[in-house]
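The following features are taken from Swiss-Prot:
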type: TRANSMEM; residues: 46-69; note: transmembrane segment
type: TRANSMEM; residues: 135-158; note: transmembrane segment
type: TRANSMEM; residues: 175-199; note: transmembrane segment
type: TRANSMEM; residues: 273-291; note: transmembrane segment
type: TRANSMEM; residues: 330-353; note: transmembrane segment
type: TRANSMEM; residues: 369-395; note: transmembrane segment
type: TRANSMEM; residues: 417-439; note: transmembrane segment
type: TRANSMEM; residues: 517-535; note: transmembrane segment
type: BINDING; residues: Cys559, Cys568; note: [4Fe-4S] cluster binding site
type: TRANSMEM; residues: 575-596; note: transmembrane segment
type: TRANSMEM; residues: 643-665; note: transmembrane segment
type: BINDING; residues: His654; note: chlorophyll a B1 binding site
type: BINDING; residues: Met662, Tyr670; note: chlorophyll a B3 binding site
type: BINDING; residues: Trp671; note: phylloquinone binding site
type: TRANSMEM; residues: 707-727; note: transmembrane segment
Amino acid sequence: MALRFPRFSQGLAQDPTTRRIWFGIATAHDFESHDDITEERLYQNIFASHFGQLAIIFLWTSGNLFHVAWQGNFESWVQDPLHVRPIAHAIWDPHFGQPAVEAFTRGGALGPVNIAYSGVYQWWYTIGLRTNEDLYTGALFLLLISAISLIAGWLHLQPKWKPSVSWFKNAESRLNHHLSGLFGVSSLAWTGHLVHVAIPASRGEYVRWNNFLDVLPHPQGLGPLFTGQWNLYAQNPDSGSHLFGTSQGAGTAILTLLGGFHPQTQSLWLTDMAHHHLAIAFLFLIAGHMYRTNFGIGHSMKDLLDAHIPPGGRLGRGHKGLYDTINNSLHFQLGLALASLGVITSLVAQHMYSLPAYAFIAQDFTTQAALYTHHQYIAGFIMTGAFAHGAIFFIRDYNPEQNEDNVLARMLEHKEAIISHLSWASLFLGFHTLGLYVHNDVMLAFGTPEKQILIEPIFAQWIQSAHGKTSYGFDILLSSTNGPAFNAGRSIWLPGWLNAINENSNSLFLTIGPGDFLVHHAIALGLHTTTLILVKGALDARGSKLMPDKKDFGYSFPCDGPGRGGTCDISAWDAFYLAVFWMLNTIGWVTFYWHWKHITLWQGNVSQFNESSTYLMGWLRDYLWLNSSQLINGYNPFGMNSLSVWAWMFLFGHLVWATGFMFLISWRGYWQELIETLAWAHERTPLANLIRWRDKPVALSIVQARLVGLAHFSVGYIFTYAAFLIASTSGKFG
């Protein structure tokens with residue numbers, strides 16, 4: 001008999017029903033469960049697949065460069081970044097008819113095009129690219145890197161080049177190489193690029209491979225470095241009247257500490273960023289030499305962790321046993337990596353708009369909105385994934401004997417206290433926040449807005465004042481002109497920073513009031529509830545009072561039959577599934593808040609947000625309804641406009657989202673009956689019955705149907721908001 005899919009599981013391959021296909025897809029990446037898997041093959045497969053992942057990433061970024069060079073308007077955008085709309089790529093087949101062709105022909109293009117809202121134009125411009133030839137060169141280089149990654153992946157699957165398990169478990173060497181190599185050397189290389197290429201380009205000097213060795217990045221060359229006069233590199237920075245990309249008002253400094261933003265581009269000073277990356281490189285190059293490898297010097301991770309025993313013995317055996325637990329569990333390592341990456345991605349979202357690094361991106365409002373929303377959603381998915389793999393660790397990899405009385409065991413032992421405290425916090429936040437919103441709503445409805453309960457966020461305002469914001473009248477730390485910190489920084493970074501923080505046109509430390517206080521607590525409710533579900537799912541993954549033997553049932557099980565009535569919906573997978581809905585809703589509130597606050601800031605009517613955000617009807621009417629009106633008019637009886645594609649996506653997003661409920665609110669029996677009826681009809685219909693299949697059609701399992709429902713809910717939800725966000729912002733600001 002020919003080998004059937006899935007080859008990695010003979011048990012599944014012999015399944016006579018369509019379950020074979022769906023379970024095969026579902027477990028394709030669960031290498032641990034495959035036939036004939038060994039620890040060595042598991043590590044080698046994952047390692048090789050990383051190269052494939054890198055190849056895809058480089059191919060994708062190469063494609064971005066290539067399409068902009070081929071079909072974009074980069075060179076004309078560079079001449080006037082504030083008024084030319086950047087083109088992502090052409091549209092081959094604009095729907096529908098001549099009005100569509102006219103609506104989508106913009107940005108100086110000859111035919112219909114898509115506008116870029118990704119910020120790549122600003123990024124490439126900032127790092128020194130200026131011509132289409134530069135873009136083509138970059139695309140070709142990344143294509144080469146992609147091919148090398150693929151070859152490396154293939155190579156590391158060959159017997160001679162397969163690394164051993166001991167190589168994968170050499171934590172110190174990996175840490176040293178990742179700290180020094182990945183972060184240290186790459187930051188140093190980036191500093192080099194900024195100093196040798198990007199900063200000269202910002203001053204009108206075109207440095208490429210042909211003149212790279214002839215152009216001094218600084219008039220003094222390397223002299224100050226070797227004589228210890230490093231301050232010379234900071235002297236004569238670009239002036240406030242500097243025109244980016246020209247020598248007008250340009251200085252000669254390469255490593256500065258100016259603070260604040262370049263007045264014309266509204267982005268951080270390039271010389272400040274070069275300085276920052278040099279400092280990061282220095283720190284990480286040192287950090288990458290701290291762990292003991294072949295040379296017998298430096299820290300041993302195991303010794304470090306074993307020494308971490310809290311004094312007085314009140315917290316048990318501290319970190320004893322953690323080294324082997326983490327080093328032998330891929331799920332634990334993945335959980336840690338995802339948790340870190342998720343937090344970093346969310347921080348990227350927060351910093352990209354408040355401290356823009358790329359020239360002119362702050363004035364491209366749609367791009368700012370798109371990048372913030374994109375990074376927050378990505379962060380949400382990554383963070384929920386961290387808890388999912390944490391739960392799988394507890395089920396598959398956790399060894400109670402190895403972790404006796406250490407921090408991990410103690411987390412499990414007092415999980416009731418953790419879960420109940422989180423539950424209390426969520427209930428408190430939810431009822432109080434909703435109570436305030438509903439009260440204010442009723443007061444507005446009855447025409448007595450003065451009876452609203454409006455709470456000033458005085459603690460947050462105090463923190464903003466401590467960082468130098470003067471408008472609240474707190475005379476504290478950096479907002480106090482006679483403090484030591486203020487005086488110490490007056491000649492260095494502070495003037496730029498204080499100008500930026502008190503300038504009302506940027507997004508640095510926005511002025512906050514009662515509307516912000518309320519939505520902040522609504523978001524806190526969402527964060528705490530999402531965390532509650534995820535933490536409970538992981539801590540109860542091995543077992544609970546209700547189901548002490550839960551770990552024997554694995555990560556995702558629907559129920560343990562009718563005999564134990566209460567065991568449905570309590571697998572660790574179910575917790576993840578529920579948490580994703582909460583995560584999506586929470587990030588919905590986060591992005592609504594960010595977007596509305598910024599729309600009013602950009603339009604110069606901040607009072608609309610301040611007055612309408614304190615009650616629910618204000619959010620529904622003055623944010624959602626008001627901003628979707630243009631979107632809903634993408635198609636109308638008079639034809640179409642450039643927003644029509646977003647109008648279509650808005651409708652389509654709702655359709656996908658609603659389809660999710662079809663899977664979420666009906667279970668196996670219904671579908672099984674339906675499938676059997678359809679199969680019966682198919683077999684008795686002429687022509688149709690010429691098509692036969694080997695597998696008996698059966699309904700999806702409960703867990704799989706939930707996954708399909710969740711996928712549709714998530715994709716539809718994000719599609720809908722993406723269309724709303726881009727259309728409402730670009731419709732207002734072009």
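Glycine is treated like the rest: Cβ placed from N, Cα and C.
Note that the coordinates shown come from a computational prediction; the quantities given were computed from them, not determined experimentally.
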Quiz prompt | Cα separation, Tyr670 (chlorophyll a B3 binding site) to Cys568 ([4Fe-4S] cluster binding site) (Å, whole number) | solution = 18
Exercise. Name the range, of those listed as 46-69, 273-291, 417-439, 575-596, 643-665, that has the largest tally of Cβ pairs under 8 Å with the transmembrane segment (707-727).
Key: 643-665
Self-check item: Separation of alpha carbons, the residue listed as 'phylloquinone binding site' and Met662 (chlorophyll a B3 binding site) (Å)
Solution: 10
Exercise. Might you confirm whether the transmembrane segment (273-291) is in contact with the transmembrane segment (575-596), defined here as three or more C-beta pairs under 8 A between residues 6 or more apart in sequence?
Key: no
Quiz item: Roughly how many angstrom lie between the C-alpha atoms of His654 (chlorophyll a B1 binding site) and Tyr670 (chlorophyll a B3 binding site)?
Solution: 24
Exercise. Tally Cβ pairs under 8 Å between the transmembrane segment (46-69) and each listed stretch (135-158, 273-291, 330-353), then give the stretch with the top tally.
Key: 135-158
Quiz prompt | Tertiary contacts of the transmembrane segment (135-158), as residues 6+ beyond its ends and Cβ separation under 8 Å | solution = 44, 47-52, 54-56, 58-59, 61-63, 65-66, 68-69, 74, 124, 129
Quiz item: Does the transmembrane segment (273-291) reach the transmembrane segment (175-199), going by 3 or more CB pairs under 8 Å (6 or more apart in sequence)?
Solution: yes
Quiz prompt | Least buried by Cβ count (within 10 Å) of the binding-site residues Tyr670, Trp671 | solution = Tyr670
Practice problem: Grab the same-chain neighbours of the transmembrane segment (369-395) for me: Cβ-Cβ under 8 Å, and only residues 6 or more beyond its ends, written as numbers and ranges. | Solution: 117-119, 329, 331-332, 334-336, 338-339, 341-343, 345-346, 348-349, 352-353, 412, 530, 534-535, 537-539, 541-542, 551, 554-555, 572-573, 575-576, 579-580, 583-584, 586-587, 590-591, 594-595, 598, 718, 721-722, 725-726, 729
Exercise. Enter the number of other CB atoms within 10 angstroms of the CB of Met662 (chlorophyll a B3 binding site).
Key: 13
Quiz item: According to DSSP, which of helix, strand or coil covers the residue listed as 'chlorophyll a B1 binding site'?
Solution: helix
Quiz prompt | For Tyr670 (chlorophyll a B3 binding site), the three-state class that DSSP assigns | solution = helix
Quiz item: Counting every protein chain present, what is the number of Cβ atoms, excluding its own, within 10 Å of the Cβ of Cys559 ([4Fe-4S] cluster binding site)?
Solution: 16
Quiz item: Rounded to an integer, what is the Cα-Cα distance in Å between Tyr670 (chlorophyll a B3 binding site) and Cys559 ([4Fe-4S] cluster binding site)?
Solution: 18
Quiz item: In angstrom units, rounded to an integer, how far apart are the Cα atoms of Cys559 ([4Fe-4S] cluster binding site) and the residue listed as 'phylloquinone binding site'?
Solution: 19
